[in-house]
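First the structure, which I've put down as structure tokens, then a few questions once you've had a look.
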6 protein chains.
Amino acid sequence: MRFDETYAGNVFIKSHPTYEDAKAVLYGMPMDWTVSYRPGSRFAPARIREVSIGLEEYSFYLDRHLEDVKVFDAGDIPLPFGNPGKSLEEIKSFVRQVVADGKVPVGMGGEHLVSLPVMEAVYEKYPDMAVIHFDAHTDLRTDYEGEQYSHATPIRKIADQIGPHNVYSFGIRSGLKEELEWAKENGMHISLFEVLEPLKKVLPTLAGRPVYVTIDIDVLDPAHAPGTGTVDAGGITSKELLASIHAIAGSDVNVVGFDLVEVCPVYDHSEMTANAAAKFLREMMLGWIK
Amino acid sequence: MRFDETYAGNVFIKSHPTYEDAKAVLYGMPMDWTVSYRPGSRFAPARIREVSIGLEEYSFYLDRHLEDVKVFDAGDIPLPFGNPGKSLEEIKSFVRQVVADGKVPVGMGGEHLVSLPVMEAVYEKYPDMAVIHFDAHTDLRTDYEGEQYSHATPIRKIADQIGPHNVYSFGIRSGLKEELEWAKENGMHISLFEVLEPLKKVLPTLAGRPVYVTIDIDVLDPAHAPGTGTVDAGGITSKELLASIHAIAGSDVNVVGFDLVEVCPVYDHSEMTANAAAKFLREMMLGWIK
Amino acid sequence: MRFDETYAGNVFIKSHPTYEDAKAVLYGMPMDWTVSYRPGSRFAPARIREVSIGLEEYSFYLDRHLEDVKVFDAGDIPLPFGNPGKSLEEIKSFVRQVVADGKVPVGMGGEHLVSLPVMEAVYEKYPDMAVIHFDAHTDLRTDYEGEQYSHATPIRKIADQIGPHNVYSFGIRSGLKEELEWAKENGMHISLFEVLEPLKKVLPTLAGRPVYVTIDIDVLDPAHAPGTGTVDAGGITSKELLASIHAIAGSDVNVVGFDLVEVCPVYDHSEMTANAAAKFLREMMLGWIK
Amino acid sequence: MRFDETYAGNVFIKSHPTYEDAKAVLYGMPMDWTVSYRPGSRFAPARIREVSIGLEEYSFYLDRHLEDVKVFDAGDIPLPFGNPGKSLEEIKSFVRQVVADGKVPVGMGGEHLVSLPVMEAVYEKYPDMAVIHFDAHTDLRTDYEGEQYSHATPIRKIADQIGPHNVYSFGIRSGLKEELEWAKENGMHISLFEVLEPLKKVLPTLAGRPVYVTIDIDVLDPAHAPGTGTVDAGGITSKELLASIHAIAGSDVNVVGFDLVEVCPVYDHSEMTANAAAKFLREMMLGWIK
Amino acid sequence: MRFDETYAGNVFIKSHPTYEDAKAVLYGMPMDWTVSYRPGSRFAPARIREVSIGLEEYSFYLDRHLEDVKVFDAGDIPLPFGNPGKSLEEIKSFVRQVVADGKVPVGMGGEHLVSLPVMEAVYEKYPDMAVIHFDAHTDLRTDYEGEQYSHATPIRKIADQIGPHNVYSFGIRSGLKEELEWAKENGMHISLFEVLEPLKKVLPTLAGRPVYVTIDIDVLDPAHAPGTGTVDAGGITSKELLASIHAIAGSDVNVVGFDLVEVCPVYDHSEMTANAAAKFLREMMLGWIK
Amino acid sequence: MRFDETYAGNVFIKSHPTYEDAKAVLYGMPMDWTVSYRPGSRFAPARIREVSIGLEEYSFYLDRHLEDVKVFDAGDIPLPFGNPGKSLEEIKSFVRQVVADGKVPVGMGGEHLVSLPVMEAVYEKYPDMAVIHFDAHTDLRTDYEGEQYSHATPIRKIADQIGPHNVYSFGIRSGLKEELEWAKENGMHISLFEVLEPLKKVLPTLAGRPVYVTIDIDVLDPAHAPGTGTVDAGGITSKELLASIHAIAGSDVNVVGFDLVEVCPVYDHSEMTANAAAKFLREMMLGWIK
């Protein structure tokens, strides 16, 4: 009854009402201040929640209902505008608590750099963690025009911590020659252009391992995700991404955290990107949270 | 602290946390199913809340802060799609309770028809109520192509109940010849094209009276409010509407309820209409809630 | 010569000039008042006609010209805003006459609920009629939040009349668990996710049968049809839909009526959805009207 | 009844059904091939007709109804793409007939060059014709980068024929120094920046004269008409343009033809420009056709 | 250092600084005045350059860097608005010089007609030249509504000069029956609907031949290229176009010139079409300029 | 001739070809990483240059031509993404050189924080400098949520350096109560809501003084400038801003530098904001550079 409780507006569809008994925690990381091209992903978490009302709560793909996964929507983490360093600290601190409480962290970017402190916090608990990474871009630079903290560096930063051989990138189609060479020389897995087929080969090798999955929406072709910072023609379809999510769901990896980043609503008048992001998140929640 | 309470996302900026000690209650009425031209105002309440974060909480016009007015945001009233009759009942029932609890109802449309049950509920408590109405359109039809409940009829319906001489319309620039004649013959006040100057003359005559104010955003020129169902060139500016709001604030009328309707976000990529609506609502709250 | 006849503006490209000797009749059903998410499909028929001028009148796929199929464009059926019941009656009455005159009804929505009275009118003439249904959504609810007439119910309503075993749905990827179970228990055909391959298997079983075909444009992936009320990632491509249309054209079913619904132009600045709809309609006319 | 007559879709609201007894003839001139900046005005006539359904047929400003003025909508004049010379011939030939039949020509552009052949055709019948011209731009070039027929030349071309002292331009705020000097040296009237006040002074001097009025929508500030080829800040408001139209209606000039040009729909997602154009045309028809 | 040189703004990413030692010359042809449907491609060259800054300079597909191909960006060829004849002369004269200087011409349209004078100029140097043509439309008309120079005629005009058997069209899905028949009767190659597979069969037959490649962006499905004049559902994906570009790169043909035409930015708010065009141009440069 | 010189694309219309003999230098500051609401102003300089081609080079307001003012367009200052501190240093260093060379700096933002280092660099040369500031927002915070460098602080930072009594703000309509109080207590001039009339009173008091003028485009009403980060209803018109620019031009102040900031193109599909910015810059150049 509306009169005797706080209005809980604009939460992700069918999110669980309380933190305590939730299995997972959804949170927004509305930061876009290090992007080199088109900013605006700060508005993604709010828009993804808003359009989630157009979704069914049940999945025909997985025969499961959102009620079964108990995801608490914690809202957006407050982040200081224009200060990447402090922003990353805030995120790390928040996620560290979520993980300590035994819950699965589910993040919505924001730019890709927000995934770095999340992965670091999860890695503190799971030292044998591997990373599965879907993206159009390598994100393997040590710096971007001198900046250590940049949307072009998060995968390199985490690879330096957990070891490049524990990082598996898929769908990559853009980057520097030097990034690709570094990856090859250091035993990191990179599948160029393709996602589903190479993923199916990798998954059995990760059976039983704790895995963090980070998805940059631009792994999709711009036809399927026009609302992102850097559109890059030649990506995969929504169908392929759904199949890849379901492949992970059907595998023996232990997903200990995941995120979806780089949705940039202002470039997509149709809102198809935010809608797709909401659906992908639903499928990831339904398939990966046991 | 986010971990031990429900996330209260997407509420109007600085809204009061609890219903009990609030002076006023803000609510959305996401209905647009009787509009004859461009639908979409159902999304206005959510969007107005979302963009309200770009507003200051303090007004340079009124030297007052939103903390001073204690408005509880009750969210949107759930309404059955495509069923005007039941929708109006739901609204009336909700507002009746708000008024019974001694709070000022503050509504966000939705189409203009949603104002009708609100005015009816307020009228039950204040039988000497007058209505101040800002609009491009008369909304004085008895029916629209046979339909009693239509976005073209609410002012007529309320005039039939409270008496046409208690209704004061301003800024009107579109309608039927018959509507204008009916208004004149029945002692209703209609100011064509202008708002501020005639309003200043009317306000003293309403001193001490309980007044409900309903603002259709299309009283503004489309330059100032492109995001509305029926744009009609030749309206007033945002400055003039602000001045009119402040004129009411400075008068001796007793505002017992108010609403802002017909924002239609999808037609305004810049979001200037929703932003303007949020500002008008802030000024109305700060100026009218004593 | 323009001076001595009524201007026939904005008709579908190369439509036949007279009703009497037409083989088929094209009409718009500009209704969107029961949709639960994004309204606006009322403007689809006008926009589809407008963009059809960018199409060739001849098809490379079917080696046939629009002159050969004699489709009279009857304009839009006038429908009372906000009144689903009366609207459906108007549509049914119109189509009943078209069918009585021995012509094939070709409808443009509007929301999907408009297909229901059309199918009912056609069923009156063809009691052994089957329905082929392309859609992202099941549309099998008995009601939507209490409303019998809703864009979520038309397939259920017609299935209840003609028998669920006479309804064949393809491309479905969203709905309630209960809807799917009802379909299975009652012998209705539902192909999840896929269209072309299962359709090819079904068509021979319908040889010689009168068939009504209803296509919700959201069976397409949002990449191919961003301009629709409920975008749902993971749909089929335009190529696949064209191939499915041509599969029906090459089969032995007897298409006795068809429609294309749920185009919502305001969400598609590029107008690709309306353009695609015009092309699909051309191919349906060329392939299905003998 | 739709079955026994041609569907007359997308005509201007309440247009007269037959040419013979019409007082005036409305026609589109969908040409934009000589514009130097943003093309797209070819789609204006269709869009203005389409949005005119959102208008009332009666005017509160003039207390007159469209039924009273009997304007036949003749559709668009077919024009050969990319060939200005032939296009102008087609327009001139069409308008010559309209004028010969004693009807008032009412044109919708297209780019401003389309006004030239119309004015020439009207001038053949009214050798003492004056031209009233509302525009942001002088349009007084003899050529544009070598081209005689250009959207930058129509006022100069007509001035050369009817005499510069018979041309009255208002609202001008952009052009070459040479154009302004030519106008001054040759006795042409140019009011920079302002419209209503100088117009009120000019109108009495034209009492009894046949006058052709040509309005480039960019005389408005871009706030009021974003959908035009060349937006130029600092123009007049819709209110001022309405007042100017009404000033002409209330004067003693004899309006023998008029047009509204340079609406470019694709740059205005809100459709406010086309809506405004429809309203201006309604007021011009109601005020100027006796 | 910015202070002692001219600012070279908005050139294609990593273009070569001087003409003299460049291997290839990039130029824009901002003409759209003969298009029959949606104009606006005149703005494509500027927008493609602008968005190219979002691209990497290195290709993961071809393992090559833009520094290796030395393409000088000569800016846009100035063209007289609305005069197709003179415009084509200007283009031909410019390209003739580029070819005479031993450089590869790389063009950006503009409408497809701009390719005609380019192909003519290249043909003067390479009399055994073949043309590879990717397009949704045949472009084989002799005239369009009487106009010789039209965006619907360039392939026919060049076929008449170099012989239809030297023209290879792929991806065609729209045109007149007569165009298709003419092509068949005159030995021209047309692959309907498909590009990559038939191209792979044709390329070996052209080994060693000088080839001009002209790509109309509308060969892509509108999902991948919404920003074009005439969207036509059922086209190929960006992945398929990239693979086709790479197939040519891996073949033994000698690409002596190429262009990409018909990008129309205003219809694509996401800018994905211009971004895709920039990537295709990068791949064409990296793969085809030896 | 294009063949023997570097292509100078996308410079502001009629900019001077060389730095050495230029009177003024135009430069972009594409930074938006501290904005608290909608980012995207980094793209403003490129877009303003691009649309400037739609402008005349001559002004009817000032009877002066851009050739007379010799403004060299130096392009954009390269700035490190996401690093406000370094970005401000780069800007300061650049402008210091421009000022040292005796030229007037003319800046295009970017967010408003970019004005701070410019004003600091100019102040080094003109210690008796005053600042004229047009804005909707006070920008007088000492920090924004803890950040010293924020788009909400530049006016406070410069006031702290040159003295609050040397700062004159106009058109302010949004901010904190504390900001307004600080201004009043410290002798800073703030005109709420209005620009032209209070400016006319201030200008004579600044006669002979070196003045830096900084204009935040959001001083305009959103109707006139929808493309900005924070739209705030109730601002001034383009006409009023033009008149204010001309008032400064006609006064005896010595404008030693100026900028225009906060244009955010992605929120304005019509491009009216960038077009207006280009026109304002033209008028500022023509009126203020002697």
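The backbone N, Cα and C atoms fix where each Cβ goes, glycine too.
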In TrEMBL, the Mn(2+) site includes A:Asp135, A:His137, A:Asp139, A:Asp216, A:Asp218. Which of A:His112, A:His165 does it also list there?
A:His112
For the recorded Mn(2+) site formed by A:His112, A:Asp135, A:His137, A:Asp139, A:Asp216, A:Asp218, name the remaining residues of the chain with Cβ within 8 Å of the site's Cβ center, in chain order.
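Here the nearby residues are A:His133, A:Ala136, A:Thr138, A:His151, A:Ile155, A:Val219, A:Val261, A:Glu262.
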Sequence gap of 6 or more, C-beta under 8 Å: which same-chain residues meet both conditions with respect to A:Asp218 (Mn(2+) binding site)?
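In sequence order, A:Asp135, A:Ala136, A:His137, A:Ala225, A:Thr228, A:Gly229, A:Thr230, A:Val231, A:Asp232, A:Gly235, A:Glu262 meet the Cβ cut-off.
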Going by DSSP, give the three-state secondary structure for A:His112 (Mn(2+) binding site).
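SS state of A:His112 (Mn(2+) binding site) = helix.
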Neighbour count first, Cβ atoms within 10 Å, every protein chain included; then name which of A:His112, A:His137 tops the list of binding-site residues.
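It comes out as A:His112.
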I want to verify one value. Collapsing DSSP to three states, which class is A:Asp216 (Mn(2+) binding site)?
strand
Kindly assign A:Asp135 (Mn(2+) binding site) to one of the three DSSP-derived states: helix, strand or coil.
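Note: A:Asp135 (Mn(2+) binding site) is coil by DSSP, not helix or strand.
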CB neighbours of A:Asp135 (Mn(2+) binding site) within 10 A?
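Counting Cβ neighbours of A:Asp135 (Mn(2+) binding site) within 10 Å gives 27.
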Let's check the environment of A:Asp139 (Mn(2+) binding site): how many other CB atoms sit within 10 Å of its CB?
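A 10 Å sphere around the Cβ of A:Asp139 (Mn(2+) binding site) contains 28 other Cβ atoms.
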Which residues, sitting 6 or more apart from A:Asp216 (Mn(2+) binding site) on the same chain, put a CB under 8 Å from its CB?
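A:His112, A:His133, A:Phe134, A:Asp135, A:Ala136, A:His137, A:Asp139, A:Val261, A:Glu262 - these are the non-local Cβ neighbours of A:Asp216 (Mn(2+) binding site), listed in sequence order.
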